[in-house]
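As structure tokens, the structure follows; a few thoughts come after it.
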Amino acid sequence: MSRYDPAATESRWQAAWDAAGVFTARHDPARPKYYVLEMFPYPSGRIHMGHVRNYTMGDVVARQKAAAGFSVLHPMGWDAFGMPAENAAMERGGHPKDWTYGNIADMRAQMKPLGLSIDWSREFATCDPEYYGQQQAMFIDMMEAGLVYRKNAVVNWDPVDMTVLANEQVIDGKGWRSGAPVVRRELTQWFFRISDYAGELLEALDTLKDWPEKVRLMQANWIGQSRGLQFAFSMAGAPEGFDRLEVYTTRPDTLMGASFAAISPDHPLARHLERHDPEVAEFVAECRRVGTSEEALEKAEKKGFDTGLRVRHPFDAAWELPVYIANFILMDYGTGAIFGCPAHDQRDFEFATKYGLPIRPVFLPEGCEETALAEAFVPMKSERVHYIRGFAGAEVQTGEEGVAAAIAFCESQGVGRGVTNYRLRDWGISRQRYWGCPIPVIHCETCGVVPEAKENLPVRLPDDVSFDVPGNPLDRHPTWRDCTCPKCGAKARRETDTMDTFVDSSWYYARFTAPRAATPTDAEEADYWMNVDQYIGGIEHAILHLLYSRFFARAMQKTGHLPAKAIEPFNALFTQGMVTHEIYLTRDAAGRPVYHLPEDVTDGKLADGTPVEIIPSAKMSKSKKNVVDPMNIIRQFGADTARWFVMSDSPPERDVEWTASGAEAASKHLHRVWRLADEISRADGEANAEDGALDKATARAIAEVTQGVEGFAFNKAIAKLYEFTNTLSRSGAGAEAKKRAMRTMAQLMSPMVPHLAEEVWAMLGGEGLVAQAAWPKADPALLIDDTVTLPIQVNGKRRGEITVPKEMAASEVEKLVLADEAVQRALGGAAPKKLIVVPGRIVNVVI
């Protein structure tokens, strides 16, 4: 008997699939469609086991749906713009384009041996001019639809790299790459009006029934709807033009406990004072050395600067509150100004304590008397409290009721109005980087800011750039910026900012429906293929990418690039767990960890016998040397082993730990399946009484594997295949029944281990390719059990069980029960007083 050789067979079947065009997506109105998509990768140059798990999940779904009769779209592309390519050019020389396309070629070569059912004819990279040119066309359409605008905004500026940094790229007040102290600078930036859709994006989350609840909650919190009061304090002794201070608060019920007002360092009043007061300027400069993110402000020490200005309480003109510039107030939320009620906000409490400000409780826990507070009393809004300075009298009510009463009272007195606000800000997309999609805008001295003419698209990035000095190479290119105004024909200047790379990934799913179209989408193809039926990716993309994609689909619908049904582009979302691995380390003389590769450790020791510390189930990390190279696994065991293991060990939403022993066990099982198929293919036994039992086991396997795959319980589907393998190997059924069952096994395991499935299918005489075979259907009659297992109780205690035909007469059941050894021991030779058979449920024996 020959041996199963994955290295020889896997490439052969991949060639057969390619030759037959098995995975080419076909627009077939006569068939239902199914669009499965995994979040496309950044071309870093190497795939990792997380990629293997992610793409195998999508592949299992795609293959099963194709077998079930769907016309399947399962594409692949590359999220290819971004800073890493520029950083590589700075550090190693060369060009970002060469680095990127080289990495794409490497990763494609690593992915293809996995045998994924991808339609590679639809492949594109977001750095392809053909792709970003269509993105530029949509940008122009969005400008014309009023979805794009330009304004001054405060940003994190790295003075060494000379670029804007995202909040996440500011670490301890310094640029993540340069290490230089970051400053806040005001720059003119381009924005998408995502905030116009805040309410719609929030409400529509309730329609996404096939999204994880955690993701929907994360998005809801990010959008951050709040109901509050917007009103104005009148100011005493204010500079000209600043006689009112507009404030937004979500807790107007605490207005009678106010002790100060505070404004953002970027508030117009703070800007005015900064220009006229050196002390204010110094304080504001200090504030701007902290990042602009809420997290950065939360971690920073809370500081304030007393401006000397005062505002009057709206219900008592004699009650004046000091106005501080505070480093924890965000300009882009609400109005950039707040009032502080220290008794009911811990941040305000610490601020008031630091600066000696009064602390006045507005409400107390039920049954408590007013006393000095050691900390802020901040109950849930749903909790009932006793208001002592409320707007609805001294009574007990919830915070929610108190807020509603405060808004109603203030509105009745002409003090402000109730408003709904959102935490979601407009999306700033300007980046002072080369390796991104150029913003297709022209600056003309006569016409102002105008979009590039569409016939001139794409606005291509110039190749002749250098990265030998910091900053954006487009700014210093000798000719690229120079252009002609498309409106008046005069000399003009091209926009040198490029788009945030999240723009690239916010519509790629739509481009896959017609990747070679001369417009961003093709209406007929988009109408057929959209929406994405199953989207798969990491939960780390729960907010930005997924929220931006939801916005972009709406923008594309408004500008005529997507049908109305596609404003929620992803029908179902699955967020998979990570692939983890043990970390192996020793320590140097100073106690610092020294990490070791898995292949250098045997039985917990290095080659020289030094024992290692083992940290279990850690995220794979190059620096900690616990990364498993999928190519090594494929060379050692074959792609099917890697696919089988990452699907089998745990539910797909949870992390799975990669172990060498687990991979070896998976490989052994697949070799066992091959040997079983080889044995059955040569069997010649006659049909017999066991054929029926095997047919029933096959039907159950079909039902349970189908349920597991369709329900994303891949580990349960694989567990059933293990069980079915055992059943088949033990079965004494005739040769034809076993061959029939083995062919079904090939079909059921084809989504997970497609190469081995083709081997088995061919061995057992299957017609054509199993990848093109219809998904098996279980005979409903074979799923009905014709036996039933009845527990036996003697005087109320369980003594055993008996399996009998469902239709067996009660008198016959009684005979079998009385013949049972456990019952006979309990009776001790005596006759029972009663023997009661409850059909289909239980047998009770009374002694």
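Placed from the backbone N, Cα and C atoms, the Cβ positions cover glycine too.
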In Swiss-Prot, which of 41-51, 272-282, 602-612, 789-799 is labelled motif ''HIGH' region'? 41-51
Pick from 29-33, 619-623, 764-768: which range has motif ''KMSKS' region' per Swiss-Prot? 619-623
Roughly where does the motif ''KMSKS' region' (619-623) sit in mean pLDDT, to the nearest integer? 79
CB contacts for LYS622 (ATP binding site) [other CB atoms within 10 A, all chains]: 10
Please count the residues of the motif ''KMSKS' region' (619-623) that DSSP assigns to helix (H, G, I), strand (E, B) and coil. 0 helix, 1 strand, 4 coil
Which residue counts does DSSP yield for the motif ''HIGH' region' (41-51) in the helix, strand and coil classes, in that order? 3 helix, 0 strand, 8 coil
